[in-house]
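Worksheet: the structure to be examined is printed underneath.
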Amino acid sequence: MLLTPCLQILFLQQSKYSLFSLLSFIMRCLKKKRKKRCVFKMWIEKIEVDRKNVERFYVHFVKEDGEKQIMSVDQDVLIEYRLKKGMTVTEEQWMEMMKKDDEKQAYKMALRFLAYRMRSKQEVVDYLKKKDIDAQTIERVIEKLQQERYIADEQFAHAYVQTQVNTTMKGPYLIYKELMDKGISEDVIVKAMERYTEDMQRDKAIKWVEKINKQSKKRSHQEQKAYIAQLLHMKGFPSHIVEMAKQHVTADDGTEWEALVYHGEKAHRRYEKYERYTYEQKMKQALYRKGFSLSLIEKFLEKKKED
């Protein structure tokens, strides 16, 4: 195909060319054709250690046209390809080494990420994406980590549930959601959540109630129950556990009166400017909304009259 146009030109202008010129032109055409088919090669001029990271090496290449290029590779890549001074490397081998080195660096990144604590597969994938690692490299790294058991979502889910149960006050729904957010499959989560029994949930919810009861003396008994119910729902406890826990909200007359006085004084400062009837109506409405009984509110208003 290459010679055809050349010969056509020569035959059209044959009076201008000798036989020698024709042969010379054909040889040049063949030479150009062979040159296009040549495989790109380079040879290794020298190899030196990276002073900032002894596990990496700088490989200095010289191309056929004299151009120089430097590649930084991991020691494992250096050993795998048996790189040494004077060795010739093709373009295909060059690209393969680059690909292998990218994979090695991504693998070590993942290991460092896993060194702090167990991670789910999705957590590692997301981490490598943030480091701008391409999808194919991530896939190969994840496969290798799974083969070496550095990543195992079943073990991760069981360990995560156990840790959350032992160290936090979270309910089952919240832990379930956190595992879903970490990319764990539903069937694996359901199996792992079996260790968080209903008795354990009940005990933890009651501990929450006891903790909140000690913290605040400024809520009415009813307001305290509503507050604790809201808190337990936010913490991921199911409704039947919340209802049970509410029964453990305790209050005595002393703490109820103390809470009423606190809110009553605040309301009094807000409404004292009104005439007596309007003042009392607004006071009753405000304190009733806080969950105080009408009899206790009347007692407070009588006391304010005396004052």
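Glycine residues also receive a Cβ, built from the backbone N, Cα and C atoms like all the rest.
TrEMBL entries are annotated by machine, without manual review.
If you look up TrEMBL, you'll see 106-145 marked as domain 'RecX first three-helical'. On the 0 to 100 pLDDT scale, the model's mean across the domain 'RecX first three-helical' (106-145) is 95.
Feature annotation from TrEMBL assigns domain 'RecX second three-helical' to 153-193. Note on the domain 'RecX second three-helical' (153-193): residues 118-123, 125, 200-201, 204-205, 207-208, 232, 235-238, 241 of its chain, located 6 or more positions outside it, place their CB under 8 angstroms from a CB of the stretch.
Taken from TrEMBL, the feature domain 'RecX third three-helical' applies to 256-301. Counting residues of the domain 'RecX third three-helical' (256-301) by DSSP class, helix then strand then coil, yields 38 helix, 0 strand, 8 coil.
Look at the domain 'RecX first three-helical' (106-145): DSSP puts its residues at 31 helix, 0 strand, 9 coil.
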